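Colleague: Before I ask anything, let me first share the structure, which is written out below as structure tokens.
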Ligand code: DGL
């Protein structure tokens, strides 16, 4: 069996592009419909009830695009609403947290894992819970990095301000963990700076890349891969803010030209 419909991706903004990029690399035949809510990003500092409401709006938008699967390419939305959306829909819904948690357990040698995330993700304590449910001995140090996602949304993730902010935020974690989960899909854009501050010996876990591997497993399991001979319609990107600003970040990160349209939810 095959299913040629696209895979839906949602995020508060451009962060989910880190997951989309991995999917394009790992499964080049699949097509993506992406919605980023940049007009209301960051989600991290918002109350859970509001994140839940916004996430449902993104889900309903993707359902109008006839997607065969939805990927929560946002840790914050996963922490707040993934369980209930997954229960409510009859298509597979994948989050980024479980794949990241398992990868961290696999990678750590010292048993000391750090987790970076938005205020909501860290406050939810979900990474610690998922990691320790699988591996109770693993020590988890969690750190909220509320300044990181805005640096990425404003396309200043390579700036000297970004270096300063990352250095000041992560200074205290250096030397304490051998594995660090980038528990927000915006953070892989800051990866070179984070790696530099933490030291080359620290293993960084990109929850998005881990998630792309799980998408592949689910497509196989449900036998809903896209046929290699299906006609290409192209990936489609939607943003709630400026398409030009979205395109700037997306085209450089994905290294291709893309089709972006503005939507109101
Ligand atoms: N990209 C998101 C995440 O993975 C959220 C960033 C934000 O909007 O605060 O958590």
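Including glycine, each Cβ sits where the backbone N, Cα and C put it.
In TrEMBL, annotation is done automatically, which means it is predicted and not curated.
Pasting the relevant annotations from TrEMBL:
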{"type": "ACT_SITE", "residues": "74", "note": "active site, proton donor/acceptor"}
{"type": "ACT_SITE", "residues": "184", "note": "active site, proton donor/acceptor"}
{"type": "BINDING", "residues": "11, 12, 43, 44, 75, 76, 185, 186", "note": "substrate binding site"}
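Please situate the listed features within the shown structure.
Modeller: Taking all protein chains in view, 36 other C-beta atoms sit within 10 angstroms of the C-beta of residue 74 (active site, proton donor/acceptor). The DSSP secondary structure for residue 74 (active site, proton donor/acceptor) is coil.
Within 10 Å of the C-beta atom of residue 184 (active site, proton donor/acceptor) sit 33 other C-beta atoms, taking all shown protein chains into account.
Residue 75 (substrate binding site) counts 38 other C-beta atoms within 10 Å of its own C-beta, drawing on all protein chains shown.
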Colleague: Other residues with Cβ within 8 Å of the Cβ centroid of 11, 12, 43, 44, 75, 76, 185, 186 at the substrate site?
Modeller: 13, 15, 16, 41, 42, 74, 77, 118, 121, 149, 184
Colleague: Count, for each of the binding-site residues 12, 44, 185, 186, the other C-beta atoms lying within 10 angstroms of its own C-beta, and report the residue with the smallest count.
Modeller: 44
